[in-house]
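Data block below; observations after.
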Amino acid sequence: MRILMVGLDAAGKTTILYKLKLGEIVTTIPTIGFNVETVEYKNISFTVWDVGGQDKIRPLWRHYFQNTQGLIFVVDSNDRDRIVEARDELHRMLNEDELRDAVLLVFANKQDLPNAMNAAEITEKLGLHSLRQRCWYIQSTCATSGEGLYEGLDWLSSNIANKG
């Protein structure tokens, strides 16, 4: 199962990847290229491509779109200043032809922070209800504790399987 994980810089993508892979918190630095790991969960093998999110390298995301079955879009729920930027990047990607069949999982990350927007607020700010032709789901997560991550993988695996 080929999963692409994207999101703005500092959203928590790399922390999520290694929490899933190793079950532990790793110290991360900004990802300039990509990290790729295979995560085994419930007899399913997810190949997760974690692609850096700094604005200079976002145009490179599209090189990873081919054969992607599931898209994980990670949002820093605490970053109210950049939620519009996150929405614009998400919709730009979803308009790409290669991603027309990919299911979308949004991780509303950093839910442990006191000022974090909840999933309903992020759904609204990202314009998810406008995605008529897309199978999508939003999951509240906290990458450092692992909360919500496996629930998200459960949703991904069952919805990708249904499309197969």
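Even glycines carry a Cβ here, placed using N, Cα and C.
Remember, predicted model here, so these are calculated numbers, not experimental data.
Here TrEMBL has Gly7, Leu8, Asp9, Ala10, Ala11, Gly12, Lys13, Thr14, Asn109, Lys110, Gln111, Asp112 binding GTP, and the candidate from Gly53, Gly152 in that same listed site is Gly53.
Its own atom aside, the Cβ of Asp9 (GTP binding site) has 16 Cβ atoms within 10 angstroms in the protein chains shown. Rounded to a whole number, the distance between the Cα atoms of Gly53 (GTP binding site) and Thr31 (Mg(2+) binding site) is 7 Å. When the neighbouring Cβ atoms lying within 10 Å are counted for each of the binding-site residues (Thr14, Thr31), the highest count belongs to Thr14. Calculated from their C-alpha atoms, the gap between Lys110 (GTP binding site) and Thr14 (Mg(2+) binding site) amounts to 13 Å. Thr14 (Mg(2+) binding site) and Gly7 (GTP binding site) are 10 Å apart (CA-CA, integer value).
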